[in-house]
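Database features, via Swiss-Prot:
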BINDING   His61, His63, His119, Asp138  Zn(2+) 1 binding site
BINDING   Asp65, His66, Asp138, His176  Zn(2+) 2 binding site
Amino acid sequence: MNSIAPRLEIEQFICRSDNYGVLIHDPQSALTASIDAPDAAAIEAALKRRGWTLDFIFTTHHHLDHVEGNEALKAKYGVSIIGPKAEETKIPGIDRTVKDGDEFTFGLFRVKVIATPGHTAGEVSYYLPDAKAVFTGDTLFALGCGRLFEGTPLTMFQSLQKLVALPGDTAVYCGHEYTESNARFALTIDPANSALKERAAEIARLRAADRMTLPSSIALEMATNPFLRWHDAGIRSRLGLQDAPDEAVFAEIRKRKDMF
């Protein structure tokens, strides 16, 4: 007897100025979750557009532009808010805490929690292996990574190592539409990368048409994102770090991005 893999429906939209709102929906159980809650009104509009109701919020980290809609959405829909244990006191309305290695179910889908600190001390990513998708908050961006507000370069490097270990065909959904500016920086670090140059041109076309640049994929990020290319000989040579540890190469790239 053949089994049919479950299908996850994903509704992605830009809200606030550059935040991504992301709703995930399991049609068989009719459950819907919001990845973070940047803007309650925008999320409500997306739910109405799709004819869904909201059951969960999966919080990646405590920053206001990711949790500001929590209380309004909880009041309207009675949602259960899940978020990182390490940031429990900073997440409005939180009902359930999770930590690295935890696993829970969302309808027919397994959700694996990956601790990805660096941007904040307790940030987590949510990986749905059956849907081949990972939701990385402000840890991994398209062609970038999050600023280190509460972590060190080594902390973020170790978090990114966890994400690049996922299958290459895993779709990547992140918290912000920063891709065009990230591409400009990436080209200063890896100017000979033909895949990056092609991607940067495509990103420019998409943004000129006011279209979204996500989702990406783990494979695409590994091929073009300088923050994941600490091993590349050309990048190392350009930075003067030919023999440096991988984490030192990453730290130098992050330092340069902070000054870009």
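For all residues, glycine too, the Cβ spot is worked out from N, Cα and C.
The shown structure was predicted, so the numbers you read here are calculated from the model rather than taken from an experiment.
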Under 8 Å between C-beta atoms and at least six apart in sequence, can you list the same-chain neighbours of Asp138 (Zn(2+) 1 binding site), or say none if there are none?
Thr60, His61, His63, His66, His119, Thr120, Glu123, Gly146, Cys174, Gly175, His176
What does DSSP assign His66 (Zn(2+) 2 binding site), in three states?
helix
So how many other Cβ atoms are close to His63 (Zn(2+) 1 binding site), meaning within 10 Å of its Cβ?
22
Look up His176 (Zn(2+) 2 binding site) in the DSSP assignment and report helix, strand or coil.
strand
Under 8 Å by Cβ from Asp65 (Zn(2+) 2 binding site), counting only residues of that chain that are 6 or more apart:
Arg16, Asn19, Pro38
Other C-beta atoms within 10 angstroms of the C-beta of His66 (Zn(2+) 2 binding site) total 25
Counting every protein chain present, what is the number of Cβ atoms, excluding its own, within 10 Å of the Cβ of His119 (Zn(2+) 1 binding site)?
27
Of the binding-site residues listed (His61, His176), the greatest number of other CB atoms within 10 A surrounds the CB of His61
Conformational class of His61 (Zn(2+) 1 binding site) under the three-state DSSP mapping
coil
